[in-house]
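For reference, the structure is listed below as structure tokens.
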Amino acid sequence: MYPKQIYDMNPRSWTKKFQKNSISYLIQMAAFYHAISITIMYASSFGISHIISDYEAPSFPISVVMMVTSGPIEEILFFGLAYYVAGTPQAILFTGAIWSVAHIFSTHVFQINTLGYASFLFAIPHMFFSVRTWLSGKGWFAILFHSVWNTAFLLSYCYLGIKECSVVGTANYLTVDFLAVGLAASLISIIWTLHNKSKIPKTVYTKILIFSITVFLLFEVLINFIYIKMLL
């Protein structure tokens with residue numbers, strides 16, 4: 001094990017940028033953090049099922065499109081915007097913590113015995129990986145890895161028969177998938193504009209940003225309306 005890896009694996013450095021930001025190095029760090037995530041997830045699932053006797057793990061239809069779009073949506077919304085607007089580890093960690101906690105409520109039935117406790121704990125190491133990847137100037141890698149990881153996880157569950165696979169959802173979930181694509185595109189446009197602020201004329205920059213934010217808000221309202229409709 002090399003000194004840089006040892007330093008970056010030390011919890012004391014988990015809110016600092018990585019010692020290196022090469023692709024191969026980031027893959028090593030991704031493997032480290034997500035090995036912790038998987039261990040925590042299965043250990044907590046086992047513990048929760050014994051603590052809450054009638055516990056039912058959250059289960060709802062998930063499509064490949066949803067998993068692919070989750071990368072840009074979640075990374076930009078909860079990590080990228082904080083990175084470009086505030087630029088501090090504390091700000092990114094704060095919004096990342098909101099993302100982690102939100103995993104508890106990844107269910108359609110909000111009861112003590114149906115909340116996503118394991119998903120929340122699983123997300124914590126990923127949160128630190130994302131924070132550090134953005135701080136290291138490789139936000140695009142965080143987005144790409146998030147999408148690939150989620151999709152690979154879904155496909156493995158489908159292969160094992162734990163979940164049923166579909167490229168796109170059906171009924172209301174098809175609408176959600178469509179809106180998720182629009183949401184992801186608008187967020188990519190926002191983050192691209194922020195990243196290239198110094199290269200774009202001020203008037204053009206303002207117009208692109210206003211348009212992208214408007215489109216994002218439109219899709220956000222629509223997708224939340226569909227979710228609320230499904231819950232009622």
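Just so it is clear, glycine is given a Cβ too, placed from its N, Cα and C backbone atoms.
Taken from TrEMBL, the feature transmembrane segment covers 21-42, 142-162, 174-192, 204-228. Annotation comment: TrEMBL describes 60-151 as domain 'CAAX prenyl protease 2/Lysostaphin resistance protein A-like'.
Confidence across the domain 'CAAX prenyl protease 2/Lysostaphin resistance protein A-like' (60-151), taken as the mean pLDDT and rounded to a whole number, stands at 93.
For the domain 'CAAX prenyl protease 2/Lysostaphin resistance protein A-like' (60-151), the DSSP-based tally of helix, strand and coil residues reads 71 helix, 0 strand, 21 coil.
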